[in-house]
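Trainee: Here it is, the structure in full.
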Amino acid sequence: MPGSTLVTGIGELTTNAPGGPGTRDGDPTGLVTDAVVLLDGGRVAWAGPAREARDAVGHALDGREPDVTVDAGGRAVLPGFVDSHTHLVFAGDRAAEFEARMAGRPYEAGGIRSTVAATRAASDDVLRAGLARHLDEAARQGTTTVEVKGGYGLTVADEERSVRLAREVTPEVTFLGAHVVPVEYAGRADAYVDLVCGEMLAMCAPHARWVDVFCETGAFTPEQSRRVLEAGAAAGLGVRVHANQLAPGDGVRLAVGLGAAAVDHCTYLTDDDVAALAGSWTDSGTRPDGTSGAVAGTVATLLPGVEFSTRQPYPDARRLLDAGAVVALASDCNPGSSYTSSMPLCVALAVREMRMTVAEAVWSATAGGALALRRDDVGHLAPGARADVVLLDAPSRTHLAYRPGVPLIAKTWRSGHPHP
Ligand code: NIG
Ligand code: FE
């Protein structure tokens, strides 16, 4: 159990805890200036303005001195990033495919199959080493919670292995046997869906928290997707969906209708899709700031690394936000459509290309990701939350977008443990 750490001299603290000490009314990011954060036993013990810290910290520590004190020197602090969408169990890379795309070739869902061949051929240790390398890379960029999908195995044994290895590194594991129809089932997609809903799900569900499907032309139809998601839900898994990435389609409304925690990509949306996403929050009577109990809406998770790497148009975050939908940002780190693990890059792209304000983008990359994973212990800094904290080498969170590509993560704490 980590001891206590007091971080003082914070120029700008993003708490995502509206109503907390020192926050302003109507600011969902709960920004506090000249602030202090106290971590104790792996949890946040207190966060608020320096002027209230003396009494609050003394009270929280019961008169003990903090074990460690860190002076932020006027720099900015925020919750660790919650990357709610990655595909990190894979082998090989597709740099040549990326290069061809940049020379004018379109992105196609079928590219997934080349990673499937490399992943099947890899040993457990090669896959474990890849996972560890990418997770370390993400941690150095401020990610403290990560979801990991399978989906590059596409046999019962290879998908079981994928989710089992993912479960060694995170509880947020997603079964994605329905990523694409594998070559050996070409022309027999329904037979493959039978396998996914039957033996594959039975072997994978014990390691997974979520079920996912790629509902898109070239992958699975809405009917096939519904079968997979309903089977997963019947096996006790939460629902999330890849949809509307390459063209408009029925995936978003299918996801909302099934009460999915998130529908990811959302690049091509109709007005009905946007209304369905927004309505999922108002209809369920829950509020995205988590102030009214259980979360039941469907988060629209936007993945700007994909549009960057596939030269597609960026999703219109402004349209979703203005309609009242809840937006998360995630990396979609995978070797095909988005080979970045950088949440700061996603924030920068969202601000520059998707008409999000800095405050909205930072919220979506932290609290939004937590909602997309239906987690109430991460993505914010309030007493009781997990002590997942990022200290920036910058005076404000704006620098995440203002200084793209610059390594701005000075220090990270995960469950109160410091890195580096
Ligand atoms: O999220 N959309 C489907 N799956 C991945 C693509 C994976 C790949 O191209 O290998 C995605 O973009
Ligand atoms: Fe994905």
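Every residue, even glycine, has its Cβ placed from backbone N, Cα and C.
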Trainee: Please pick, from Tyr152, Tyr185, the residue that TrEMBL records in the N-formimidoyl-L-glutamate site together with Asn334, Gly336.
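Mentor: Answer per TrEMBL: Tyr152.
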Trainee: Quick check: of His242, His419, which does TrEMBL put in the same Fe(3+) site as His85, His87, Asp332?
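Mentor: Answer per TrEMBL: His242.
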Trainee: Do you know which of His134, His179 TrEMBL groups with Arg94, Tyr152, Gln245, Ser337 in the 4-imidazolone-5-propanoate site?
Mentor: His179
Trainee: Whole-number Å only: compute the distance from the Cα of His179 (4-imidazolone-5-propanoate binding site) to the Cα of His85 (Zn(2+) binding site).
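Mentor: With the alpha carbons as reference points, the distance is 14 Å.
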Trainee: Of the binding-site residues Arg94, His179, Gln245, Asp332, Ser337, which ones put their CB under 6 Å from ligand 2?
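Mentor: With ligand 2 as the reference and 6 Å as the Cβ limit, the list reads Asp332.
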Trainee: Quick one: of the binding-site residues Arg94, Tyr152, His242, Asn334, Gly336, flag those whose CB is under 6 Å from ligand 1, and say none if nothing qualifies.
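Mentor: List returned for ligand 1: His242, Asn334, Gly336.
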Trainee: Please give me the CB contact count at 10 A for His87 (Zn(2+) binding site), counting all chains in the structure.
Mentor: 28
Trainee: Over the span of the region 'Disordered' (1-29), count residues by DSSP class, listing helix, strand and coil in order.
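Mentor: Output for the region 'Disordered' (1-29) reads 0 helix, 10 strand, 19 coil.
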